[in-house]
Each structure stands twice: as C-alpha cells, then as structure tokens.
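Listed features, source TrEMBL:
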- 33-55: transmembrane segment (TRANSMEM)
- 75-94: transmembrane segment (TRANSMEM)
- 115-140: transmembrane segment (TRANSMEM)
- 146-172: transmembrane segment (TRANSMEM)
- 184-209: transmembrane segment (TRANSMEM)
- 229-254: transmembrane segment (TRANSMEM)
- 300-317: transmembrane segment (TRANSMEM)
- 323-345: transmembrane segment (TRANSMEM)
- 357-385: transmembrane segment (TRANSMEM)
- 397-418: transmembrane segment (TRANSMEM)
- 439-459: transmembrane segment (TRANSMEM)
- 465-484: transmembrane segment (TRANSMEM)
Amino acid sequence: MPTAASWTEVRRSVRDVGHLVAFRAGTVRRPRAFALAASVFAGLTAAAVAVPALMDGAGDYTSGYALDALSLMPSAMAGFLLLSIASAVASGGGRELLHREHATVFPVSPTTDHLGALLLAPLNIAWLLQAWVLLGATAYGIRTALLPYALVGILLWILAATACGQVVAWTIEALRRREHGIAIVRTLGVTVAALAVALQLAGQLGTILDRFPTTRLAAQLFNGFSTGWLEAIAIEAALLLSAVALGAVPAHLAARRLPRDESRVETENFPARRLPRSPLAGLVRTDRGSVWRAVPMRRGLAVLAVGPGVVALAGNLDWAQMTILPGLVASGGALLFGVNAWCLDGRGGLWRESLPVGAWAVFAARAWVLTEFLLAASFVTMVLAGLRAGLPTGSELSALLCTWVVVVLQVVSSAMRWSSRRPFAVDLRSARATPAPPLVMVGYSTKLAVTTTLTSLVFSGLARTPYAGLSVLVAAPFVVWSLVRLLHARDSWTDPVQRARVTTTVAG
C-alpha cells in the first residue's frame with residue numbers, strides 16, 4: 001500500500017482543508033470578537049516590524065545595538081526551528097483541524113490532517129512571540145533600504161521552519177506508534193536533553209548554533225537584492241515546498257497505526273480501591289484519575305516540568321531569576337485542560353449531576369486537582385533549576401515560594417472562571433486535542449502569560465532585598481484577590497442554570 005500522496009489526493013486534501021476551515025469559521029460563537037482578535041494579531045505583527053524599524057539606532061552598525069541584533073539572527077533562526085520541532089512533537093503531530101471524534105463519521109485523509117495541522121501551527125503564543133521577535137530583530141538590525149528583502153527572507157524562513165518541524169513531529173509520531181516506539185522516543189528525548197545540557201555546561205552550545213547553516217543563509221538574506229539573496233530565497237522556497245510535501249509521508253505511516261499510549265490507557269484494567277471516606281474525597285479521586293491517566297496531560301506535564309527546568313539548569317539562573325519559572329509552568333499547565341476544566345467529564349458530566357453530592361463539592365474537587373497538578377509541575381521545574389544555583393538566602397527563598405503560591409492561585413481562579421463562562425465540548429483522549437479552539441487558546445495563553453509574568457517580576461525584585469518577610473506581605477493581597485475570584489467562580493458553578501448550560505455543552 002503506497003504511503004506517498006498522489007497529486008489527485010493532494011488537490012482533494014487542499015480542497016478538504018478549505019471546507020474544514022470554512023466549517024470551523026462557521027462555528028465561531030462571536031464572529032465580531034473573532035474578527036477583532038484576528039485584526040489585533042495582524043496589527044501586532046505589523047507593529048513588530050514597524051516599531052523597531054523606527055526606533056533610534058535602528059540599522060546603525062556604528063553604535064547602538066543594531067549590530068548585536070544582527071549578529072544574533074543566525075542563532076535566533078536556528079532557535080525558531082528547534083522551537084517548531086519541540087512544539088509539534090509535544091502535540092503528537094500538530095493540532096487537529098477536525099476533532100478525532102468527528103473524523104470517525106467524516107473521515108479525512110492523512111494528507112488533509114497534515115495540512116490542517118500545518119495551518120494551525122501559528123495559533124500558538126510561543127510560535128507567535130518567537131516570530132515577532134525574529135521580525136522585530138530584523139527590522140531593528142537591518143538598514144531601511146535593505147529591509148524589504150530581509151523581511152521576505154525571514155517570513156519564508158518562519159514558514160519553512162514550521163513545515164520542517166511538522167515533518168519531524170509526524171516522523172516521531174510514526175515511530176512512537178511502532179512496537180517499543182514509546183520507549184525509543186522517550187530514550188531519544190532524554191538523550192537529546194542531556195546532550196544539550198552537557199554542551200551548554202561545556203560552553204559549546206553557542207558555538208554549535210553559530211555553525212548552523214542559518215549563518216550563511218542570514219548573510220545572504222541581509223545584504224540586499226543580489227545573486228546570493230536570490231539563492232537564499234530559492235533554498236527557503238524549496239525547503240518549504242519539500243517539507244510540506246514530505247510531511248504527508250510520515251503522516252500516512254502514523255495514520256496506519258493506533259496510538260499505543262492512548263490505546264493502552266483506554267484498555268488498561270484498574271483494580272478497585274477502598275471506598276473514600278467522604279463524597280469530596282471520592283470526587284477528588286475520580287478527577288485525579290481522569291487527569292493523570294490522560295495522555296495529553298501526562299505528556300504535557302513532562303514537557304512543562306522538565307523543559308523549562310533543563311533550560312534553567314543549562315542557563316545557570318540565580319534564585320531571583322527563577323521567580324519567572326512557576327508562572328510559566330502554571331500557565332502552560334492550565335492550557336492543557338484547566339481553561340476548560342469541565343470538558344474532562346464529557347458525557348459523564350450528565351451522570352455526575354445525578355450523584356447525591358453538592359455542587360460546591362464538585363467544584364472544590366476539580367479546583368483542588370487542578371491546583372495540585374500545577375503545583376507538581378512547577379515544583380519539578382524549580383528543583384531542576386535550583387540544582388546549580390547554590391543555597392538561597394532567606395529573601396530569595398521567600399520570594400520564590402510566594403511567587404509559586406500566588407501564580408498558581410491566579411491561574412486556578414482564572415481557569416475555573418473561564419471554564420464556567422466559555423465551556424467547549426472536547427475529547428481530551430487524543431494527545432493532539434486542546435481544551436478550546438486555537439484562537440481562544442491564544443487569547444487565554446496571552447492573558448495568563450501577561451498576568452503571571454508581571455507578578456513574577458514583582459517578586460523577582462523583592463528577592464534582591466534583604467527582608468524575607470516583605471515577600472509574604474506583598475503576596476497577601478494577591479492571595480486574597482485570587483481566593484475572592486475563585487469564590488465567584490464557585491458561585492457561578494453552583495447556580496443550577498449555569499451548571500446545566502456547562503454540563504450539556506461539554507457533553508456534546
């Protein structure tokens with residue numbers, strides 16, 4: 001059976017992607033808000049180019065930071081490629097344009113799935129931030145006369161790197177679905193992470209990045225229109241088209257095999273345990289099992305907990321700088337399921353509503369499980385980051401712990417409020433599923449990132465003071481405000497009409 005897509009299938013897949021995009025656009029609940037959000041992101045992209053180009057020192061190689069920005073571009077381009085690979089691999093081949101449950105009734109080809117995942121790749125806050133940084137650094141570092149040619153090259157590189165990341169992700173997913181594939185992929189991931197840390201500790205990581213082909217490519221792109229520029233554009237265009245076409249091959253290979261980790265969870269036997277002592281304990285046990293047994297949650301937890309910790313370990317962050325990590329991990333953890341926490345129930349939510357327990361207990365159990373999930377992930381990150389940081393002072397330890405508590409409560413209160421306000425029916429059994437539509441996820445991630453980052457910066461400054469108790473005093477109003485918002489979210493859930501709307505929505 002051939003795995004490569006024929007030209008007829010490619011045309012049909014492109015047409016199917018258009019139909020699916022039109023279908024998804026037709027299901028948008030608030031078209032005006034959707035159009036406004038799209039306009040905002042388009043405006044931010046334009047601002048990422050225009051604002052740096054108009055700043056003092058832009059394109060001035062004799063003074064300022066323009067030359068520094070230009071010299072870092074090859075490494076930044078290589079970093080964007082690595083980010084695209086890591087993001088696509090973590091999501092099991094990219095996001096789904098058509099949910100798996102719907103694809104059972106309306107099947108689409110693996111080529112369509114591949115093209116849809118490629119189309120949804122930019123709807124990721126990490127991807128957007130890195131793309132804006134690349135565009136902004138280019139606009140600041142390049143002279144105005146040469147800027148249009150450089151921007152064309154950078155835009156092509158962003159697209160080509162995204163497509164290459166998709167090829168690697170589908171290849172890893174096809175390997176993961178083979179016999180012993182899960183063990184092979186995990187071993188490969190640990191090896192790559194250990195190698196990266198070893199290179200950083202040896203001071204060779206920067207040298208390796210400087211030797212990437214992006215160095216020569218950047219030199220050709222940033223010197224204006226010339227034969228070298230045309231050659232670089234041709235290379236990027238060929239890379240983009242080849243990656244888009246080649247990605248269909250591993251996508252077909254992956255589609256021919258069942259996902260082993262998902263199938264194992266769904267077919268595994270779980271022995272009965274002792275009855276819990278209270279209804280609340282029983283609800284917590286049920287919610288905890290639904291979270292920790294889900295493949296996207298386990299995989300996402302590993303990436304969130306270990307990834308930033310390894311980066312911090314390699315970068316040798318001090319304790320004051322580590323205050324940024326709990327917010328980063330907590331925000332990412334909430335995006336795994338917390339922003340639509342009730343979708344974990346699915347149709348089981350109808351059964352749960354028949355149980356003789358109070359609505360407050362259901363809310364408390366779900367909020368508690370989300371809290372412990374975020375605490376566990378961020379704790380692993382902080383432990384890894386602190387391995388090379390030495391012993392903290394009292395003020396540093398106090399600031400870090402206060403940041404940990406504050407940002408987790410901020411994220412939990414926001415997530416539980418959003419879960420009741422905007423529920424979505426999502427099947428989170430798939431490793432590629434997200435708890436909300438892609439554009440909504442971008443909005444959630446932006447709000448969480450801004451809130452937790454600003455909070456972390458406050459405590460980062462407090463970590464440099466000699467007063468350990470000052471962080472506790474500053475944390476108190478943050479904690480009280482988050483608890484008040486959490487109580488408001490609980491009141492919304494305990495309202496019978498609101499709870500019925502959420503339950504029937506997530507039940508599909």
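Count begins at 1; order follows the chain as displayed.
Here the Cβ of each residue, glycine as well, is placed from N, Cα and C on the backbone.
Beyond the ends of the transmembrane segment (397-418), by six or more residues, the same chain brings 319-320, 322-323, 326-327, 330-331, 333-334, 338-341, 363, 366-367, 370-371, 374-375, 378-379, 382, 444, 447-448, 451-452, 455-456, 459-460, 462-463, 468-472, 474-475, 478-479, 482-483, 485-486, 488-490, 492-493 to within a C-beta distance below 8 angstroms of the stretch.
Between the transmembrane segment (184-209) and the transmembrane segment (300-317) there are 3 or more Cβ pairs closer than 8 Å, counting only residues 6 or more apart in sequence, so the two stretches are in contact.
In summary, the transmembrane segment (300-317) lies against the transmembrane segment (357-385): three or more C-beta pairs, each 6 or more positions apart in sequence, are under 8 Å. The list of residues near the transmembrane segment (146-172) in space but at least 6 beyond its ends in sequence, with Cβ under 8 angstroms from a Cβ of it, reads 49, 53, 59, 77, 80-81, 83-89, 91-94, 114, 117-118, 121-122, 127, 131, 134-135, 138-139, 185, 214, 217, 220-225, 229, 232-233, 236-237, 239-240, 243-244, 246-247, 249-251, 253-254. When Cβ distances are compared across the two stretches, the transmembrane segment (323-345) makes no contact with the transmembrane segment (465-484), since fewer than 3 pairs at least 6 residues apart fall below 8 angstroms. Residues 393-395, 397-399, 401-403, 405-406, 409-410, 412-413, 455, 458-459 of the same chain lie 6+ residues outside the transmembrane segment (465-484) yet bring a C-beta within less than 8 angstroms of a C-beta in it.
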